[in-house]
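As recorded in TrEMBL, the features of this protein are as follows:
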type	residues	note
DOMAIN	382-494	domain 'Phospholipid/glycerol acyltransferase'
TRANSMEM	78-97	transmembrane segment
TRANSMEM	117-138	transmembrane segment
TRANSMEM	172-197	transmembrane segment
TRANSMEM	209-228	transmembrane segment
TRANSMEM	240-259	transmembrane segment
TRANSMEM	265-286	transmembrane segment
TRANSMEM	298-322	transmembrane segment
TRANSMEM	328-346	transmembrane segment
TRANSMEM	606-627	transmembrane segment
TRANSMEM	691-711	transmembrane segment
Amino acid sequence: MVASSSASTLIRPALAHLPDTRRADSATAPTTRSSPFVIKGARFKSKRNLHVYPPRSNAKLACTNEGRDVGNDMANGWAQATTTTAILAGIFFFSILFEARLPDMELGDPNAITQRIAPLGWVLVVCSLLELALAYRLPRVSEGNALRFRWSQYVSGRYLKQNLGAAWGNQVIWLSVVGLSVFWAISQVILAAFPAFAKDTLGETSTVVIQGMLACSGLGIILGSYVAGRLSRSHIETGLIPIGAVGIAIALFALPGLGSAWAHAFNFLALGFLGGLFLVPLNALIQFNAGEEGLGRVLAANNFVQNLVMLGFLGLTVLAAFHQVSGLPVMVALAVVALIGALYTLHQLPQSLVRFIVARLISTRYRLTVIGLESMPAQGGVLLLGNHVSWIDWAMVQMASPRPVRFVMERWIYERWYLRWFLDFFGVIPISRGRSRDAINAVARLLDQGEVVCIFPEGTLSKTGQLSEFKRGFELSARAAKSGVILPFYQRGLWGSRFSYASQKLQANRKDGRVREIIVAFGSPLPLGASAERVKQAVFELSVTSWKSYVESLSSLPEAWLRSAKRDPGKIAVIDSIGTTLTNRRLLTAVLLFAGRIRRLAPEPAVGILLPASSAGAIANLAALFAGKSVVNLNYTASAEALRAAVEQAGVRHVITADRFLRKLEQRGIEVGALLPGVSLHPMEPMRGEIGRLSSLLALGAATLLPAALLTRIFARRTRPDATAAILFSSGSEGLPKGIELTHRNIMANVRQISDVLNTRADDVVLSNLPLFHAFGLTATTFMPLLEGVPMVCHPDPTDAVGSAKAIARHRVSVLCSTSTFLRLYIRNRRVHPLMLESLRIVVAGAERLSADVREAFALKFHKDILEGYGATETTPVASVNVPDALETQTWKIQSGSRPGTVGLPLPGTSFRVVDPVTLEALPPGEDGLILIGGVQVMKGYLKAPDKTADAVVELDGMRWYKTGDKGHLDADGFLTIVDRYSRFAKLGGEMVSLGAVEEQVRQALERPELEIAAVNLPDARKGERILLLVTEDIDADGLRKAMLDAGANPLSIPSEVVRVDAIPKLGSGKTDFGAVRRLAAAA
């Protein structure tokens, strides 16, 4: 039989040269059995782990390599662990069968043993058939280029030469192959020689016991491979290689001195564990550096070299056996070989070892995820360029990179005596203003030498969390280098750490658990000639990638708010300007009580809410979300037609409101009941009266005593984070409002983005007076303070400038978010004294374009700068904002956070593109085009309108972008300027004229910045279109024409007709209702 002859061939040398091999009198003498399956098991190991047979092993590693973009070490770890488990089970199982087939009183020569165990060969045949069947069940993977096998090239050795050349040509691959070969060769010798060694030193005769000790090494490899995979979930952790190599040498040196089977078992367990740490990154390095095209040849060379080295080591072992060399010198020789390998590994990878140790220290507080690892070239010069938000950015970038990284650092940091030795060890390149040329040349030289160099082009740590200006020094190095690529990156998660300039409040809020999540995203390589603008745009888009990964871990709104409220239950959460004050505990109690009522009265998935900014509005929104509903805050300032359309679209049948608010609406002539037939109104006052004292006490007890996790499980309806949290309706400034679905993740992400750039502080207080039906009011001034643990002061009417100002002064409000229209009211009203707004540290204007005269007048009266932001309901809504400039006191550099006339830089996790409105091709900085917004806050879609969603949201380069309909341009640093809506242009004589610009020119010509006007384009038989100007007071058309011409206005911009109206139609947010304006103009 084949099995019999094969076993005989393998077993004879091993048995014939072992001391005291069993003879006929073996019944009276202790003996050591050397099972042929020990050797056969080693052969199995070489087949599966060493890949002796190229067709099978190449295919296996190629399958492992599928999806090598992330987690390659993790895949190798699982593959190694699974393979070793099979080997371990095979060795142990067949050792037991071997013992069972050979009773102590029988058989004393190899031929008899072979005949007795030959039937076990059929078990191997069955296993092989099972293996074949499983192979056919593997999923199909991508096929490479079809290659024809030529016997002539195989026989002549050309294939071998090509394969070896592919491995030899890359130092990383070749050293990895050598390391794997030596490890498995040592393993083979241990498997062959240890049984005799155990008999000599321990007197052990049982094959099961001996194989059990050896099997512990297999168990160790399983554990080591798993740990290596866990430590390298998204990058190749090369620091494990020297640790594994040194540990293997120590374990082998310890082996001869151990005196018990248990000690050997533990030592083999350690040896296997360290071997697993050693093997996984080496296999991953081979696959990563070989690339898709050369992987097959490299794996074939790997198999050949490993088998050659194994064969050589086994040959030396047999030679030692023939010369009656005992097992002890063999084991010592293996330890010496391992020691030489360990020393060489330490010489080659000192940085990896230090980096690993540093990474382990850091990992106690930070967990790193790497995106886009496949973008890192396996070899050649790489210039890493990305954002800089903390003092430990360098550590995260080095941990994320599979290759050693050289960093460029400010000389004043480098020259600190307690850091310099450490920085020199890592080859840091110092740079300073007066000696920059040396650093520039050094970077170019290193790139030409094929090294990886990292520069933080901002030149300083961000004090705002946003990207600062990219200095152009890296362009000089890139141009001076002869080869290499630029690799952009973005890291998210360190803003808000103790190593950043974030406030202590923000640091506490971002500490979601014991470990902080850090994400490093690498982008596609760019040519060395890429400009600073192009690189910065790539980094902006990578911020979206990293934030997208981050928001996947965020919970739903109720769960997030519960954690925030329970963090400080006695802190004030909501203050009504009418006097009501709610702590987190009282607010939570109210939410729990009303959530149960809403769950019972409204079976529909969406609940309407008709309330202003108030404590009642906050309770109603949170309670509805706790009940698992989508909230629909209704616009009580909209037309009856728009209000009914919104209710119908959202499927709202029940509306939460308040009697007091309904009476106020009735005083304004709004009969809600008549406007919404078929909809049930549920005032909160009667609902509160239905709640018994016992229920209130139970809810208060739960809010006080139960932890957040248990409260969530008991009271909050389980909701997916990607489910619709809110349905908001667009402003309708150009037609009927559209329903916009925002998910829990949309709102959670935008809340975090806003809080990050505002750098919320412990003493911050937010004024909440914007309506809840407006995205700015719901997200920025309601959910943001609630989720971030910032007290909010509610005032129901944003047009009440005096009441709002009193609330600001009384409660020391520090953050005011408003609109240009509402801010103008503070300026005009003489009862609003500058000291009433003295506590404000930041004033943000959004929702509409900030008028220059409002900015200037506000600064003149209140000595506060208005920072303009930008967004849309479709982006939850905030997409960008100006922030205060910051001074870097170490270098006395100013970080520019704002530029008047722009709407600022995109928020972290957000990116802008300005494109051709027809082709959607990106336009260069400074050129006007259609503004696209990409980011994690881009809406789920329009309600029940997939066609409209498809028109508004496009996918470009794997990212979703919202087409805003706005025209504007980006400057070189990424600040966005809005020109106007594309729909608000008049085409006169073939020239496009901005209606918004016409309005500004009219105000400037008349020197009336507060003038209420609206320009409208109407059809004209002669010019195609004409401009009509609506005004709220008498203006002489001829006088206006002369004043505009004198001011240098384009004659095409001069309105052809001026019409007086009683009032310019406005929306609830204060924006001009352009739909109503157009209808009014047409009627005029």
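The chain as shown is numbered from 1 upward.
In case you wondered, yes, glycine gets a Cβ from its N, Cα and C as well.
Predicted automatically and left uncurated, TrEMBL annotations should be read as such.
In summary, the transmembrane segment (240-259) does not lie against the transmembrane segment (298-322): fewer than three C-beta pairs, each 6 or more positions apart in sequence, are under 8 Å. Recorded stretches compared: 172-197, 209-228, 265-286, 328-346, 691-711; the one with the most Cβ pairs under 8 Å to the transmembrane segment (298-322) is 172-197.
Where the transmembrane segment (265-286) meets the stretches 172-197, 328-346, 691-711, the count of C-beta pairs under 8 angstroms peaks at 172-197. Within the model, the domain 'Phospholipid/glycerol acyltransferase' (382-494) shows a mean pLDDT value of 86, rounded to a whole number. Summarised by DSSP class, the composition of the domain 'Phospholipid/glycerol acyltransferase' (382-494) is 45 helix, 26 strand, 42 coil.
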